[in-house]
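Worksheet for the structure shown next.
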């Protein structure tokens, strides 16, 4: 079961015919490697890092980031998932979907540097919900945000610390992130809106 | 007294004939000259039956006039084609004295829409312990002949035996509500079977009725008295009655329209409109009841018309009141269910809805042949008219109508009670002067 | 998902899966320091109990509160008698207060079904008479799932007073939907009427002989002991408590034999237990017993049910959108106008 997120209000497993590729598999891999380096640089090493993916596509992204960081540092980075369903502010706008368990690494998050990982940053409401969910789980030393795509149109004062690709969009466009773990291929596409 | 001419009615569904009614009697049958007639009813294509007689109604007065009164119940009866109804004794106070019976009689007579015949209680206060004043009720102006604790069973065999013995001198009959209270207590409200099991409703097993029926026919044999089984609801009860009749035991029986038509599975939605006592039974029982009515094992159709105020039905199913309306829908249901499929002809309907109930209840003026000299109690039926039941338009004061929204073919068009039209739409009543002018 | 939860039959297999999945995440909350989530902030849940039940009521109350719903308990004991206010009036009076959910426990079978037809709020059946108790079945399924993983093909034996058990009625529906095989065991007097055709239609087995079921070739994955009320003895359902225990109790000896044949067997009981009658103290406290797991799952499952019925979009499931809704908050005339709206349809 996939959990739709705010950046893709109407996701389907196939993308519309008018979709254009904006990131290839290689682009995604390069972006994640770069973000891994940025995180290490910012944190001055892997010490205290915890990566939490936001379902559904933030979860494989977090795992890939952790792998990328491990490759560089040679240590295992704790990875988990943070389900934010119960904290969403748009529950009444959508049919109910099942909440899922958050999987927090055994290290916990207290006094850790938590990096939230998601596929697309859009209104910022998902991240707001994630911060709320996080605050009920413990007290991290710092919370950072890594996203594969930042498409703009923020509705809350939230920004990403690490961005794979800044992608200016119009509101009626849609971003489709496809990842091999869930969708069988790696690609980011854009559809809808006016042709450019 | 006015002269009423009913033109061209099919008597008992057979040949067409005119009926001249005067001074409350049928004066002439055949081809009648319209001269000097005050009112003419055009009965072309209509079936004429002797006025229908209902052995079993609850009119709720005195005590629950918010649910029904003798006046509203009489209006419903007239609309349903009934010229006589037996008003059960479970009012408040109970009809267990001569005075109470006479009061019901007088209220009915004052209303004048149908003959309201009080049923006397078998035991004081329907408590099943001491005999009510059966003899005084019989001697009263109400001339009570039918006694019943209906709503409750006369479950004590000794009391039942004494009652049967006691009523012999005046030819009374005990109408028994057959329900062994140990096998089906007051909470029992759903036929005991898969539906009651699934719904978790207290079961009302057929055996609770059948065991009392079996006991009572044996008591009738032992006492040589008459017992009448009210609202028979199961196939096994029918078997017992059939056997008893074959033995020459004086037993009669009635069945309600709802037990002839509706089945247990209607309770699945927990709608208290389908809560009735005895409960709706499975299709096998319904089929056996129809057959028994057709072959004469069951003598009569009786409605068990049981009006209830809305709030008494708007409780949880087990807490809601028992009973459903029946007076206005009985004939259409019987027509649809038995006449149209050819199980019963109109003479048969007259037998089970007029002649037999009048005989069982000993009403001399009811259920008589459509012949000169008979009291003018008549029901005119349009056998082809479809009626869709609308609970909101009932003459009854209550709305607990299980037939709401159903369509039946066969409708009561006109009711004549003691020579007076008590039900009928205006267009059928033509003042004869107007007719003459037109000619 | 339906708007109401009246019967276990209201839930599809997918609905059950969703609720159990959500319940798992709710269960995690219970282990945290901060147990409350804001999900149902602004929603009002009334626990409307016509029949006493401390454990079910508190379970729903905690569930509502941890979901941040405003949760209010109302006891309406005694108002179900035909002399008191009608059930419809009672229900509509509460409903007129613009509540979002009515959690109803009633001593009469079908009461929740009836109320659901009269009110705008979502109705959750917390046990109606001897009919159903769908959240109990869900929490039992949750408990079993936690230990047995998949229930497909698993064999669950339910023993006890089936006639008067809403737990049995709901469980047999839910367990079948999850693929379990079910055998129900009771003396003939405590078997519901019509069980023969019923079990055939719904595909479960019945037996009067507990030992035969427990020693049959078919392994037993779980045994659920139902509460037997001592009052049933006076109703002639069985002669003595001793005789019941010998025939149908989970005695220490029976449990030991059962565990020898089925080392992983689980023992369930919906509570409150009659220790020494239907379940021996040794069995109730045995390592196989998951009775306390059931209680703990109760809150999580009820949170999940509240979430699935109340959290979604207003158009699909929320209150104030039914045909009878005026959209306005009830003024003094709201009840009267609602009564008018229902006229004619109410007795149908």
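Note: Cβ is positioned from N, Cα and C throughout, glycine not excepted.
Annotations in TrEMBL come from automatic prediction, not curation.
According to TrEMBL, the features are:
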DOMAIN    B:47-235  domain 'Dihydroorotase catalytic'
BINDING   B:56, B:58, B:150, B:304  Zn(2+) 1 binding site
BINDING   B:58, B:59, B:60, B:90, B:277, B:308, B:322, B:323  substrate binding site
BINDING   B:150, B:177, B:231  Zn(2+) 2 binding site
DOMAIN    B:238-421  domain 'Amidohydrolase-related'
ACT_SITE  B:304  active site
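When the binding-site residues B:177, B:231, B:308, B:322 are screened for a C-alpha within 10 angstroms of the C-alpha of residue B:56 (Zn(2+) 1 binding site), the residues that qualify, in sequence order, are B:231. Proximity to residue B:231 (Zn(2+) 2 binding site), judged by a C-alpha distance within 10 Å, picks out none of the binding-site residues B:59, B:60, B:90, B:308, B:323. Between the CA atoms of residue B:277 (substrate binding site) and residue B:58 (Zn(2+) 1 binding site) there is a gap of 13 Å. Annotated pair residue B:177 (Zn(2+) 2 binding site) and residue B:150 (Zn(2+) 1 binding site), C-alpha to C-alpha distance, rounded: 5 Å. Its own atom aside, the Cβ of residue B:308 (substrate binding site) has 28 Cβ atoms within 10 angstroms in the protein chains shown. Distance from the CA of residue B:304 (Zn(2+) 1 binding site) to the CA of residue B:59 (substrate binding site) is 10 Å. If you average pLDDT over the domain 'Dihydroorotase catalytic' (B:47-235) in this model, you get 97.
If you compare Cα positions, residue B:150 (Zn(2+) 1 binding site) sits closest to B:90 out of the binding-site residues B:60, B:90, B:308, B:322, B:323. Shown in sequence order, B:57, B:88, B:148, B:151, B:230, B:231, B:302, B:303, B:305, B:306, B:323 are the same-chain residues outside B:56, B:58, B:150, B:304 whose Cβ sits within 8 Å of the Cβ centre of the Zn(2+) 1 site. Residue B:277 (substrate binding site) counts 20 other C-beta atoms within 10 Å of its own C-beta, drawing on all protein chains shown.
Taking the mean position of the Cβ atoms of B:150, B:177, B:231 as the Zn(2+) 2 site, the remaining residues of that chain whose Cβ falls within 8 Å of it are B:56, B:88, B:148, B:151, B:153, B:175, B:176, B:178, B:179, B:230, B:277, B:278, B:304. For residue B:308 (substrate binding site) paired with residue B:58 (Zn(2+) 1 binding site), the C-alpha to C-alpha distance reads 10 Å.
Each residue contributes its Cα atom, and for residue B:90 (substrate binding site) and residue B:58 (Zn(2+) 1 binding site) these two points are 8 Å apart. For residue B:322 (substrate binding site), the same-chain residues lying six or more positions away in sequence with a CB closer than 8 A to its CB are B:189, B:275, B:276, B:277, B:306.
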